[in-house]
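If you check TrEMBL, you get these features:
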type	residues	note
TRANSMEM	28-53	transmembrane segment
DOMAIN	28-534	domain 'Major facilitator superfamily (MFS) profile'
TRANSMEM	65-86	transmembrane segment
TRANSMEM	93-114	transmembrane segment
TRANSMEM	120-140	transmembrane segment
TRANSMEM	152-175	transmembrane segment
TRANSMEM	195-213	transmembrane segment
TRANSMEM	306-326	transmembrane segment
TRANSMEM	375-397	transmembrane segment
TRANSMEM	404-424	transmembrane segment
TRANSMEM	430-451	transmembrane segment
TRANSMEM	463-485	transmembrane segment
TRANSMEM	491-513	transmembrane segment
Amino acid sequence: MSDINSSFEIDYEQALTLTGFGWFHYRLLALCGLIYANTAIGITVMSFVLPSATCDFRMTSEDKGWLTAAPMLGMVVGSYFWGCLADTKGRRIVLIAALLLDGTVGLISTAAQIFPIFMFLRFINGFAITGAMGICFPYLGEFQPTAYREKILCWMELFWTLGIVVLPCIAWIIIPLPLKFGTADGGIVFGSWNLFVALCSIPSLLLGLWLLYFPESPKFLIECGEPALALEILKDIYHTNTGRDRNECPIGRLKESDRSNTIMETHNRSIRTFNIHDPKHMKILLPEIWEQTKALCSAEFRRNTALACVIQFGITTSYYTLMIWFPELFGRFEEYEKRYPNATVSVCDVSSIVLDNVNDTLVDDFCGTEIDTKVYWHTLLLGIACIPTSLWLPLCVHRLGAKFFLIFSLLVAGLVTVGLAYVGNSTQNLILSCIFEALTSMGISTVYCVMVDLFPTNLRVMAAAFSLTFGRCGALLGNLMFGFLVDLNCLVPIVLFSIMLFAQYCAFFCPTLELRRFSSEERNATHCVQVYIL
């Protein structure tokens, strides 16, 4: 069979099928899944730093807003940067760089004793983690045979839930420890929350090193005009999956990419060989990137681009803001109910516990307050609440359709957000918070399923990066706004978040923003490769 196939070329999808599905794909799923879980930890780690580091940095609610916004600003800057870099230098090398940068800077941030420096380092963390989050799905999907691609990518959502569940467990074990090291003059202090941040940074370094043992995406190599190297990688995959010798691989030659590439046609060299530090090479690369960006804003795709960006902005603003602030709100509820047992209190009323203690400075007795164990338990329940929706989406997405899941999650999440303003105790707040977390997480994931219908194959990666940038802008503004308003008039951000969710629901039904349908062959070839890039 090998001799027969060596006489003609086969396309990449056929070649993947011939390599089989086995041990290599399970290892790759474990790697990319853990990277995705690690991004969940990296993004939400600040949710436990806020109440824990309040006294060390003498933070007011406004300071906390700036601290939670810093990683989001890094994501805004990094989303488009990493996307462009992955399309020029390769998925694997960019993933490694993003993970190692995130882990290294995370460890350095644990030694920061000055609030602005710590905030800047968390900005770098956000910049790095968005690269890992945005690239791990294309990298994973490009190795999957067509018959398995959708199933593998849909089940990846469970790894995000894993990260959300593991984070409060780590915090519960580490933060309550009576650790406090420092110099005699108090200039350098290292507490339990510093150790918590350090432990959450280590997985990025380990995953970056593990990724060194995996190859570059063969599909990307073919797009770069390097089919010979792609073939060697496919032979290695065949050997790993089947246990047979590489020479027995039934793939003779790979068909080169049909997609035109101006750079390769003009300069007769792979795009990977261009050095981004060379000004001459950048003059060649930038026009190519600009042409792809302009295509998203052309008359044909302008409306679809606007729809994707608006939905991303609205749902991400609500999700990332409330997700990061939930432990802080849980802590305020517990502190309030300790002082006023059996009292009926809303989310806005509990802010008085901070206003009574914070008047530009923090009083000593408030600084000595430890995080109640119920806060860890309630945050853990948030992650557990995502498990049913994480299973529901991949099992029923083909029966009910991605559009149904998007509309359902936006509508119910909007109603739940309104309900947060009317809760009477911490239990009611917890129930609504769990529903909100489960539905908005599913809604963000579903957006990328819908984008498969909104854009053709050659624009989906760029469209994902473009809309992701808008989503991170929303998360940035949401965290800043919530930090400034939570103590002054917390009803305002809650109403705004609910309006944003309802607005996305209404915009989706606007007749000028109907889904564009492409041929079934095109959809089946790359369906949901970009699913679940949060």
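Don't overthink the numbers, they just go from 1 along the chain as shown.
A Cβ is built for glycine as well, from the same backbone N, Cα and C atoms used for every other residue.
Long-range contacts of the transmembrane segment (28-53) within the same chain, counting only residues at least 6 positions beyond its ends with a Cβ under 8 Å from a Cβ of the stretch, are 59, 64, 67-68, 71, 95, 99, 102, 106, 122, 125-126, 129, 132-133, 136-137, 139-140, 143, 152, 156, 158-164, 166-168, 171, 175, 191-193, 196-197, 200, 203-204, 207, 210-211, 214, 320, 323-328, 331, 371, 375, 379, 532, 534. Taking Cβ pairs closer than 8 Å, the transmembrane segment (152-175) reaches residues 25, 29, 32-34, 36-41, 44-45, 47-48, 52, 137, 140-141, 144, 192-193, 195-196, 199-200, 327, 371, 373, 376-377, 379-380, 382-384, 386-387, 390-391, 393-394, 397, 437, 441-442, 445, 528-529, 531-532, 534 in its own chain, all 6 or more past its ends. Packing against the transmembrane segment (65-86) from elsewhere in the chain are residues 43, 46, 49-50, 59, 94-95, 98, 115, 118-120, 122-131, 134-135, 138, 276, 289, 320-321, 324-325, 461-462, 464-466, 468-469, 472-473, 475-476, 479-484, 486: each is 6 or more residues past its ends and has a CB under 8 Å from a CB in it. Averaged over the domain 'Major facilitator superfamily (MFS) profile' (28-534), the predicted model reaches a pLDDT of 77. Counted over residue pairs separated by six or more positions, the transmembrane segment (120-140) shares at least 3 Cβ pairs under 8 angstroms with the transmembrane segment (463-485), which defines the two as touching. Highest Cβ pair count under 8 Å relative to the transmembrane segment (404-424), across stretches 93-114, 195-213, 430-451, 463-485: 430-451. Sequence-distant residue pairs (6 or more apart) of the transmembrane segment (306-326) and the transmembrane segment (93-114) include fewer than 3 whose Cβ atoms are under 8 Å, leaving the two stretches without contact. Using a cut-off of 8 Å between Cβ atoms, the transmembrane segment (195-213) and the transmembrane segment (375-397) share fewer than three residue pairs, counting only pairs 6 or more apart in sequence.
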